[in-house]
Each structure stands twice: as C-alpha cells, then as structure tokens.
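Q: Below are the features I grabbed from Swiss-Prot:
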- His58: O2 binding site (BINDING)
- His87: heme b binding site (BINDING)
- 1-141: domain 'Globin' (DOMAIN)
- Ser3: phosphoserine (MOD_RES)
- Lys11: N6-succinyllysine (MOD_RES)
- Lys16: N6-succinyllysine (MOD_RES)
- Lys16: N6-acetyllysine (MOD_RES)
- Tyr24: phosphotyrosine (MOD_RES)
- Ser35: phosphoserine (MOD_RES)
- Ser102: phosphoserine (MOD_RES)
- Thr108: phosphothreonine (MOD_RES)
- Ser124: phosphoserine (MOD_RES)
- Ser131: phosphoserine (MOD_RES)
- Thr134: phosphothreonine (MOD_RES)
- Ser138: phosphoserine (MOD_RES)
Amino acid sequence: VLSPADKTNVKAAWDKVGGHAGDYGAEALERMFLSFPTTKTYFPHFDLSHGSSQVKGHGKKVADALTTAVGHIDNMPNALSALSDLHAHKLRVDPVNFKLLSHCLLVTLACHHPADFTPAVHASLDKFVASVSTVLTSKYR
C-alpha cells in the first residue's frame, strides 16, 4: 500500500520525467530485452534493434500507462482495468515479466535522475511499480 509520502514521491519523480517518459519507456524495454532475452518471445513481430520505431512505440505505450497510473494513483485498478484485461486475456503475458520490466524501468530512472533517486524515492517508485504490476496481473486469477 502506498503511503501519502510514497504518493508524493512518485508524483514528484514522474513530474521530473516529463516529456522523456516515452524515451525512458523504450530504454527500459531495450534494457529488459538485453538483460532478460526470454522476454523477446512476446514480441516476435517487432524489430528489437536499438532505436527501433516499434520498441519506441511500445515504450511510449508503457510510459502512457504509467502516466495514467500516476494520475489515478488512488484508483489504479479502475484506471488500468482495460490494460489488465488485454495482458491477461489476449496477450497472456507471464506475470513475472512485469517485475522484470519494473526493475529495468527503475534502473533507467536512476541512470537519468541520479540526484533525485534517493533511497526514499527509490522505495516509493519500487512500491508504485509493484502496485501497477499487481493491478495488471489481477485479472489472471
């Protein structure tokens, strides 16, 4: 459960991401594909090379979903319901992949905003992406 301080930290951190969200989403995906090659199996139709327009496009989708989650931080299950349905019923993504992408996103944010990535902010963002992952996997049951 996100505390009021966590919510403040998440919103402040995401505000600093600003217009770079899509780029960071793509970078996190590239990081995931390189670090965890089995995740590529969900994207057989993608050009997974560095700078690929398909990876950039999906990175923007990831970032947009996170922006939605930040904007509806008190009601993420409702805000992400359609996305949860998509991943559970159509795409059938293994839930462990959300954790892998979450880790890669945190690394990406830490690389781009090292001064802002304090232990407290790191903990808050980790709890946030874990909450998003929980919401996205909630329809698997």
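Backbone N, Cα and C define each Cβ position, glycine as well.
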Q: Cα distance, Ser102 (phosphoserine) to Lys11 (N6-succinyllysine), nearest Å?
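A: Given the Cα positions, Lys11 (N6-succinyllysine) is 17 Å from Ser102 (phosphoserine).
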Q: Once near-sequence residues are set aside, which residues in the chain of Thr108 (phosphothreonine), 6 or more away, have Cβ atoms under 8 Å from its Cβ?
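A: Tyr24, Glu27, Ala28, Arg31 - these are the non-local Cβ neighbours of Thr108 (phosphothreonine), listed in sequence order.
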Q: With every protein chain in view, how many other Cβ atoms are within 10 Å of the Cβ of the residue listed as 'heme b binding site'?
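A: The answer is 21.
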Q: Work out how many Å separate Lys16 (N6-succinyllysine) and His58 (O2 binding site) at their Cα atoms, rounded off.
A: 21
Q: Hey, what's the Cβ neighbour count for Ser138 (phosphoserine) at 10 Å?
A: 16
Q: Give the helix, strand or coil assignment DSSP yields for Ser3 (phosphoserine).
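A: Note: Ser3 (phosphoserine) is coil by DSSP, not helix or strand.
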Q: Using C-alpha atoms, which one of the recorded positions His87, Ser102, Ser131, Thr134, Ser138 comes nearest to Ser35 (phosphoserine)?
A: Ser102
